[in-house]
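Here is the structure we will look at.
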Amino acid sequence: VMGCTEARRRCDRDSRCNLALSRYLTYCGKLFNGLRCTDECRTVIEDMLAVPKAALLNDCVCDGLERPICESVKENRARLCFGPELGNGPGSSGSDGGLDDYYDEDYDDEQRG
């Protein structure tokens with residue numbers, strides 16, 4: 001499993017991945033804030049998963065200075081975009097790379113409260 005810092009570096013050097021990442025940053029702002037996952041954002045994420053180097057960003061392990069932000073965004077994406085009712089849809093294995101192993105919803109609720 002690759003760290004997200006290295007996955008991001010590889011994405012930045014690949015024009016297709018870099019474009020997909022730019023679209024993700026543009027269309028998924030509400031997701032980053034933990035508000036909601038729009039249909040546009042969900043479509044962008046699904047498109048990203050078709051780009052090999054961008055798919056690395058989905059499966060990477062958060063590391064480095066951006067680790068807390070990375071973990072928060074991944075948790076929001078799992079919860080808001082591909083929650084239990086959406087987790088088994090087309091193009092999804094029903095898992096987002098093991099985030100459920102790292103997060104406990106009760107713990108998250110205590111942190112927000």
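Using N, Cα and C of the backbone, Cβ positions are placed for all residues, glycine too.
Copied from TrEMBL, the annotated features are:
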| type | residues | note |
| --- | --- | --- |
| DOMAIN | 4-81 | domain 'GDNF/GAS1' |
| REGION | 84-113 | region 'Disordered' |
| COMPBIAS | 86-97 | compositional bias 'Gly residues' |
| COMPBIAS | 98-113 | compositional bias 'Acidic residues' |
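Confidence in the domain 'GDNF/GAS1' (4-81), given as mean pLDDT, stands at 93. Here the domain 'GDNF/GAS1' (4-81) has, by DSSP, the following mix of helix, strand and coil residues: 60 helix, 1 strand, 17 coil.
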